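Copied over from TrEMBL:
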type	residues	note
ACT_SITE	Thr224	active site, nucleophile
BINDING	Arg252, Val253, Gly254, Asp255, Thr275, Gly276, Asp277, Gly278	substrate binding site
SIGNAL	1-25	signal peptide
Amino acid sequence: MARSDLLIFVSTLLLFLPLLTVADAELVKSEKFPVVVSTWPFLEAVRAAWRAVDTGSSAVEAVVEGCSACEELRCDGTVGPGGSPNENGETMIDALVMDGVTMEVGAVAAMRYVKDGIRAAHLVMKYSQHTLLAGEGASAFAISMGLPGPMNLSSPESVKKWSDWKENQCQPNFRKNVVPANDCGPYKPNNGAINVSGYKGTESCEMGAIEYRPPLVGPHNHDTISMAVIDKMGHIAVGTSTNGATYKIPGRVGDGPIVGSSAYADDEVGGCGATGDGDTMMRFLPCYQVVESMRQGMKPEEAAKDAISRIARKFPDFVGAVVAVDKNGSHSGACHGWTFQYSVQNPDMDDVQVFTVLP
């Protein structure tokens, strides 16, 4: 080959090398993404998110589709309408969505009369400069933006659960340091005489013979779907939806709509979802902690265990879990007080796989 021909060949090859590099990078990206990770074996929710993201939807859109599927299915009775009645027998909705690219967040808390929590949260993100709307204001905004409502969010199951609870002297509940006028209130402070939580009735409270029965926390009465999605472009988003703790005090807002607590995402690092005793967990912002720990070099497993251990040191009886996923799609979970399961689908899997994490 003549020197001139060789130079032409080399120059042509160098011209195409950047294109080959980009193509190789896209091939690698397509092999490991998309990824869907969710708390609990909410298989249909993960499949819904996977169908969306695998056909080209963004991470945010896929999170909305996945959590919305769980709301429609009323997963475990703790997501969507028809579950977790509060002290007044009413079901209310908390939800959140976060875009790890823009760091935008939309959330609704203690929302009445509208069943589509995650879609309402998405509307807050899209059509307002706010992060969180609460109560009837959240309901009015969601309806004005096109969601169906107002509607009754109770179901025959939730009404029966509430009726049975009333017949059981409104136990268990989330009150403490109070004395009831009767079994189910109204309540007044006990002026520090007795540390009351989970009492049986007026007489035993006044006499000081208190049977301590803490509120039950478990997958069927106190839970959240928290989902993370990495789309085909490698962008990450997270979302949550829950109808909160069963028999909660009206007005209570849990960790579900609190960014950094129930979920957090940063495109540069990864994402996290949490579930469990939100009243305790939200004091530690565990998902923000997980993402920041991964930013500092921790693997998902280390970051998840570290976040849970921080809570357990202060509250050894708390029940909860987190699931962590880094920007490359690696995932892990950690829990305390119960056995935790989370669900994953990625290009290496024919269907959703459920992973079990022991306390």
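If you go along the chain as it appears here, the first residue is 1 and each next one adds 1.
Quick reminder: no glycine exception, Cβ is built from N, Cα and C everywhere.
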- Query: Which Cβ among the binding-site residues (Gly254, Gly276, Gly278) has the fewest C-beta neighbours inside 10 Å?
  - Reply: Gly254
- Fewest other Cβ atoms within 10 Å: which of the binding-site residues Asp255, Asp277 wins that one? Let me know. Asp277
- Return the residues near Thr275 (substrate binding site), defined as same-chain residues 6+ apart in sequence whose C-beta is under 8 angstroms from its C-beta, sorted by sequence, else 'none'. Thr39, Trp40, Asp223, Thr224, Ile225, Ser226, Ser262, Gly320, Ala321, Val322, Phe340
- Query: Which residues of the same chain, at least 6 positions away in sequence, have a Cβ lying under 8 Å from the Cβ of Arg252 (substrate binding site)?
  - Reply: Asn86, Ala110, Phe174, Gly244, Ala245, Asp279
- Name the residues of the same chain, 6+ apart in sequence, whose Cβ is under 8 Å from the Cβ of Val253 (substrate binding site)? Asp94, Ala109, Ala110, Ala134
